[in-house]
Amino acid sequence: MGAIGKLIDAILFVCFALMAVIGPLIDGQTALPKSIFPAFLTDLKTSYIAEFGDYLLMEKPHFLVGLVWHELVFLWPLSIANVYAILAGKSWFCTTCLLYGASLVTSMAAILGEMIGSGKASERLLMMYVPFMGIGVLAVLRGLVSSSTKSTGSVGKRYTIMPRRKLA
């Protein structure tokens, strides 16, 4: 894939590593009881809500809580797996990257649809959420492009039957 592929993998690595930390510590506060989080984390989220006017995190609509559970149960483990796959050069990275990207794009479509459709979101808040859609699209594209130029599958290969040897 060359230099562009390495750059894309580096961008995705940073995003996956951040989401492996941010997902349970910050986003988890939307679905889990506040009492299990340290005060500095709840203060950090409260200051973010105030600064950006994030009405979704303030109101906690049911669809958002569901998406956060989806993030914690499905996307968070995939983030960790993708960090490992990039570091270890695992062949299954394309598959997990595609799963992560498709799931993130779907979640972001629901969130951005609500924000744009309701008219409640400020331009600043939208600029906070739109890059996640871009990361999702980038992950999908990376998942669709194999890092190897060799075909490893058996599709289209013909197996030849070797004649039996005569035993003397």
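The backbone N, Cα and C atoms fix where each Cβ goes, glycine too.
Long-range contacts of the transmembrane segment (7-26) within the same chain, counting only residues at least 6 positions beyond its ends with a Cβ under 8 Å from a Cβ of the stretch, are 1, 37, 41, 44-45, 48, 71-72, 75-76, 79-80, 82-83, 86-87, 97, 100, 135, 138-139, 142. According to TrEMBL, the feature transmembrane segment maps to 7-26 (among others).
Counting residues per DSSP class in helix, strand and coil order gives 117 helix, 0 strand, 16 coil for the domain 'EXPERA' (8-140). Marked as domain 'EXPERA' by TrEMBL: 8-140.
The transmembrane segment annotation in TrEMBL covers 63-85 (among others).
Residues or ranges marked as transmembrane segment by TrEMBL: 92-113 (among others).
Listed as Cβ neighbours of the transmembrane segment (125-145) (distance under 8 Å, sequence separation of 6 or more from its ends, same chain) are residues 1, 5, 8-9, 11-12, 15, 52-55, 94-105, 108-109, 111-112, 115-116. The feature transmembrane segment is assigned by TrEMBL to 125-145 (among others).
Counting only same-chain residues 6+ beyond the ends of the transmembrane segment (63-85), those with a CB under 8 A from a CB of the stretch are 12-13, 16-17, 19-20, 23-24, 27-28, 30-31, 56-57, 92-93, 96-97, 99-100, 103-104, 107, 110-111, 114.
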